[in-house]
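Participant: Below is a structure I'd like to ask you about.
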Amino acid sequence: MKKLLSMLGLSAVAMLPSVAMAAVPALADKADNAFMMICTALVLFMTIPGIALFYGGLIRSKNVLSLMTQVMVTFAMVCVLWIIYGYSLAFGSGNAFFGGFDMVMLKGIGLTNLSGTFYQLIHVAFQASFACITVALIVGAFAERIRFSAVLIFSVIWLTFSYLPMAHMVWGGGFLAQDGALDFAGGTVVHINAAVAGLVGAYMLGKRAGFGKEAFKPHNLPMVFMGTSILYIGWFGFNAGSASAANEIAALAFINTVVATAGAILSWVFAEWMLRGKPSLLGACSGCIAGLVAITPAAGTVGVGGALIIGLVGGVAGLWGVVLLKKWLRVDDTCDVFGVHGVCGIVGCILTGVFTASSFGGRGTRRG
């Protein structure tokens, strides 16, 4: 009997550490919190002033202030809508296509609630920055010919019925996520989504007066270059921040962003050189954006070699999109939103499936 009691006592003591471990609450990592706040600020900086300067330099000088106003105000409006219901519909519990209303006005999200190892309020802000720039991207497709009020109405409707369900389906555990979709930082949710909306909007609004007769050249290439530079730096927050921690995946996304962008700039510029007889600053800037878009869905899952190939292919694909595809479609896409974000986003998403495979140097998937 004494032997039995001693054995039971030893078993109880052996269980104590595991019980104690289970009782320890999850702790916020200070480094990850700082990392995610910096990444959020970088992505916000991409919209204001990054995309505003980039688009502003591409259009005619008489329309610059109008476009910048549209970008600024839609940015603010999306921020407010995101807090009211956007975050809840994108990341709340719901069905396969929409989240629920359980987190309306951030209900239930306390100061110490965590998303992984950082505070959930930072996650709210990080995802809000993605929604803001996605809406801002669309504005460039039908710039110079849409009323301010129409932009605001469109932004509310599109955010609610296109961006939010797509974000939920891919990142919120919805339909596409359940089917194993790979989209590390927004190839489908941000770029293809925005590009298709921009293309449809450009078709519906029709062409600008003088389209096909006037040159419509960018009025300020230094402004385009400045906007590109801001977008480039901000994109590291976009891609590395999607790792949701300052870890090895963030490091992989960071170096892949560098490599893919460099490859796309070179492939775009040299292809343009062969096609038109000389390279251009606009081509280099466009190649930069093309590479950033192409690597976005793959940044944290492919190897460095795969990232380089994605960038090289993305640069050529982007040039094809703005030179040939645009003519075939016969659409007045003012800032080539579909030609760059749509084409390169599609190329990037397809190649993500190829180069994520461990046999091609990627991190692999559930199926290898």
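The count begins at 1 with the first shown residue.
Quick reminder: no glycine exception, Cβ is built from N, Cα and C everywhere.
No curator has checked TrEMBL annotations; they are predicted automatically.
According to TrEMBL, the record shows the following:
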DOMAIN    34-359  domain 'Ammonium transporter AmtB-like'
SIGNAL    1-22  signal peptide
TRANSMEM  32-59  transmembrane segment
TRANSMEM  71-98  transmembrane segment
TRANSMEM  118-139  transmembrane segment
TRANSMEM  146-164  transmembrane segment
TRANSMEM  184-206  transmembrane segment
TRANSMEM  218-237  transmembrane segment
TRANSMEM  249-269  transmembrane segment
TRANSMEM  281-300  transmembrane segment
TRANSMEM  306-325  transmembrane segment
TRANSMEM  337-360  transmembrane segment
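How about a rundown of where these features are and what they're close to?
Facilitator: Here the transmembrane segment (32-59) has long-range neighbours at 67-68, 71-72, 75, 116-119, 122-123, 125-126, 129-130, 132-133, 136-137, 139-140, 143-144, 218-228, 230-231, 233-238, 240-241, 244-246, 250, 285, 289, 334-335, meaning same-chain residues at least 6 beyond its ends whose C-beta is under 8 angstroms from one of its own.
Long-range contacts of the transmembrane segment (71-98) within the same chain: residues 47-48, 51-52, 55, 104-107, 124, 127-128, 131-132, 135-136, 139, 148, 151-152, 155-156, 159-160, 163-165, 167-169, 171-172, 174-175, 178, each at least 6 residues beyond the stretch ends and with a Cβ under 8 Å from a Cβ of the stretch.
Outside the transmembrane segment (146-164), and at least 6 residues removed from its termini, the chain residues within Cβ reach (under 8 Å) are 66, 69-70, 73-74, 77-78, 81, 86, 89-90, 98-99, 131, 134-135, 138-139, 189, 193, 197, 201, 205.
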Participant: Taking contact to mean 3 or more CB pairs closer than 8 A (sequence separation of 6 or more), are the transmembrane segment (249-269) and the transmembrane segment (118-139) in contact?
Facilitator: no
Participant: For the transmembrane segment (184-206), find every same-chain residue at least 6 residues outside the stretch whose CB is under 8 Å from a CB in it, and list them.
Facilitator: 130, 133-135, 137-138, 140-142, 145-146, 154, 158, 162-163, 166-167, 170-171, 176, 238-239, 241-242, 253, 293, 296-301, 329, 331-334, 337-338, 340-346, 348-349, 352
Participant: Any idea what the model's mean pLDDT is for the domain 'Ammonium transporter AmtB-like' (34-359)?
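Facilitator: Residues in the domain 'Ammonium transporter AmtB-like' (34-359) carry a mean pLDDT of 97 in this prediction.
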